[in-house]
Amino acid sequence: MNLDSKIYVAGHRGLVGSAITRNLQENGYTNLVFRTSGQLDLTKRDQVDAFFEEEQPEYVFLAAAKVGGIVANNDFPADFIRDNLMIQTNVIDAAHQNHVKKLLFLGSTCIYPKLAAQPMREDSLLTGELEPTNEAYAIAKIAGIKMCQAYNRQHGTNFISIMPTNLYGPNDNFDLNSSHVLPALIRKFHEAKLNNAPTVEVWGTGTPKREFLYSDDLADAAIYLMNTYNGSDLVNVGMGKDISIKELAEKIGKTVGYSGAIVFNASKPDGAPRKLVDVNRLKDLGWTAKISLDEGLEMAYTWFLENIEKNTMMTN
Ligand SMILES: NC(=O)C1=CN([C@@H]2O[C@H](COP(=O)(O)OP(=O)(O)OC[C@H]3O[C@@H](n4cnc5c(N)ncnc54)[C@H](OP(=O)(O)O)[C@@H]3O)[C@@H](O)[C@H]2O)C=CC1
Ligand SMILES: C[C@H]1O[C@H](OP(=O)(O)OP(=O)(O)OC[C@H]2O[C@@H](n3cnc4c(=O)[nH]c(N)nc43)[C@H](O)[C@@H]2O)[C@@H](O)[C@@H](O)C1=O
């Protein structure tokens, strides 16, 4: 990408899209194009076609998607498969029709089998059963990867796919029903501290392990790969280190300064037992993560205090 290339960041207000936008702006990219979902509903093909015909972006970061935590995925599988298939099909095909030079598709590590060998290598895709709580979302993401690969093969496009591990950072979703674990626990521990609550509820057994990457690191990797990587093979993006949910809860309790007890609610799903990604391909391509979980947690909690805690609209 040149500094004046026209770049469309789809989903620029979200966790990932906002981090990519910040990074591009800080690095002097001046010709960025955005639309909110209210201005451009990417599930509507006619709107997507009109937008691409009008704007003719050269590069596309596809960070718009229907995203949620384990319970939202489990409760609304139809919404997750429908919206994601529609958004990505519309954007990928419009990018081809309008001769976009390069597109970056964001998948997720939930595309790998529930019991994939750890750390999970890119070639474990489609080698086993998926985790049932997010199968619908994962199937949509796998279709997105395969669509990029098929377009590259048949049409000679340059559409790349990256598979980030669990992410967190500014503009995360802190709604307790639909968020991922890390923002949910920041909010739960913070509110328990304020209310002097004796316990905080953590879903599941606390034994599953997850890997967490700060969104600024992910954005840095995405832009690095957009600038340097041309290939149909997917690329994992992560830290290469994981932690149990129990350890994460203890860490967040410490960050927030909560001194009560943690109670596990085993009636909520655990999901995949472990999702550690193999980051060797990414390392070989020349990129490694820079922000540790401890640093990232401090930054995420500070962002929460400055942007969400003050928001009196928080209702659940
Ligand atoms: N969060 C995570 O832990 C992980 C995320 N990913 C992937 O990264 C990508 C971004 O996720 P994340 O930033 O967390 O998600 P967010 O929910 O934070 O942001 C998603 C963005 O998508 C936009 N969007 C949703 N539906 C539509 C629509 N119909 N039309 C137009 N825009 C729409 C929203 O725009 P608006 O704000 O204008 O409504 C929103 O800003 C996704 O592909 C996700 O699968 C992958 C691995 C982990
Ligand atoms: C990014 C990824 O995100 C999702 O998969 P997940 O990693 O299982 O998601 P999660 O962050 O919601 O949970 C991780 C673990 O944490 C436990 N947990 C404890 N307490 C809370 C809690 O309060 N909220 C949540 N959400 N989880 C909690 C929870 O029970 C589970 O064991 C999918 O959407 C998938 O599609 C996807 O791509």
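Using N, Cα and C of the backbone, Cβ positions are placed for all residues, glycine too.
Values in this document were obtained by computation on a predicted structure and should not be read as measured data.
Binding site for substrate per TrEMBL: Trp203, Arg210, Asp270, plus Lys188 from the candidate set Lys188, Lys254, Lys283. Taken together, the residues of the domain 'NAD-dependent epimerase/dehydratase' (7-238) have an average pLDDT of 98. DSSP assigns Gly11 (NADP(+) binding site) to coil, not to a helix or a strand. The Cβ of Cys110 (site 'Important for catalytic activity') lies under 8 Å from the Cβ of Leu130, Glu131, Asn134, Tyr137, Ala138, Lys141, Ala272, Lys275, each of these being in the same chain and 6 or more residues away along the sequence.
Among the binding-site residues listed (Lys188, Trp203, Arg210, Asp270), Arg210 has its Cα nearest to the Cα of Ser108 (NADP(+) binding site). Of the candidate binding-site residues, Lys188, Trp203, Arg210, Asp270, the one lying closest to Leu167 (NADP(+) binding site) when CA atoms are compared is Arg210.
Neighbour list (Lys188 (substrate binding site), Cβ cut-off 8 Å, at least 6 residues apart, same chain): Leu176, Val200, Glu201, Val202. Annotation note: Gly17 (NADP(+) binding site) sits in a helical segment as assigned by DSSP.
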